[in-house]
Amino acid sequence: MDAILSKGSLGTLATVATVLQFLTGTVICNRYIRKKSTGDTSAFPFISGFLSCFMWLKYGVLTEESTVILVNFIGSALFFTYTVVFFIFCVNKREVIRQMMLISCIILSATVYTMFESDVEKSVRIVGLLCCCLAVLFFASPLTTLTHVIRTQNTDSLPFPIIVASFFVCFLWTAYGVLIGDRFIQVPNLLGGILAGIQLTLYVIYPKKKASSGPRYSPLVSENPIL
């Protein structure tokens, strides 16, 4: 009974924390709506977020994990909405369409595979591995920013609240993965937590400087929340 309660409590906490992290995208979209433009930002963080959530949703369905299903269903809906908002206000709509077609091919291929694969355990392994690869690629995306921070010895380009949120969300999902014995959940979130921890360490090494004037905005790629 204690194990069930722990799993339920941890799953609920991880779900709430992740959804709140996903909702930070509304701040970015609100900026687009106010300006009637997306500027020189890219839709890729939103599109990749949708792909990641959708594949984790499929993984949750295959493994019958209700917590994974719920959080990624919400995430898929949110990231799809963010992508639509971006598309409405962007100039280069052809690029957004190209990226959407690319991830649609990945989603369609995975869906067809799981439909015709009779071995459920094999489907779980293949989809789980794909989810891990997507998560690792996503978590690796800030490495270019980290290189810039180390070179300039300035952490102004790192969004502190989002990094802290990412650290705790990754910690919660790693703990949840350990609790249910799922390595596909454990590994990518552990890597994400380590990367977030490295970024937090940089704040200690290179304290953030006060802005001289005007608001500063972080690169969109660093603002994108994911599981």
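Note that Cβ sites are derived from N, Cα and C of the backbone, with glycine treated the same way.
Marked as transmembrane segment by TrEMBL: 12-30 (among others).
For 42-62 (among others), the entry in TrEMBL reads transmembrane segment. Tertiary neighbourhood of the transmembrane segment (42-62): same-chain residues 22, 25, 68-69, 72-73, 75-76, 79-80, 82-83, 86-87, 90, 95-96, 99-100, 103, 106-107, 110-111, 114, 120, 123-124, 127-128, 130-131, 134-135, 138, 184, 220-221, 223-227, selected by CB-CB distance under 8 Å and a gap of 6+ residues from either end.
Taken from TrEMBL, the feature transmembrane segment covers 68-89 (among others). Within its own chain, the transmembrane segment (68-89) is flanked in space by residues 14-15, 18-19, 22-23, 25-26, 28-29, 32-33, 35-38, 43, 46-47, 49-50, 52-54, 56-57, 59-61, 96, 100, 185, 226-227, which lie at least six positions past its ends and keep a Cβ under 8 Å from the stretch.
Residues 43-44, 47-48, 50-51, 54-55, 58, 62, 83, 86-87, 90, 123, 126-127, 130 of the same chain, all 6+ positions outside the transmembrane segment (96-114), place their C-beta atoms under 8 angstroms from a C-beta of that stretch. Here TrEMBL flags 96-114 (among others) as transmembrane segment.
Sequence annotations record features per position, and here TrEMBL assigns transmembrane segment to 126-146 (among others).
The transmembrane segment feature in TrEMBL is assigned to 158-179 (among others).
Here TrEMBL flags 185-206 (among others) as transmembrane segment.
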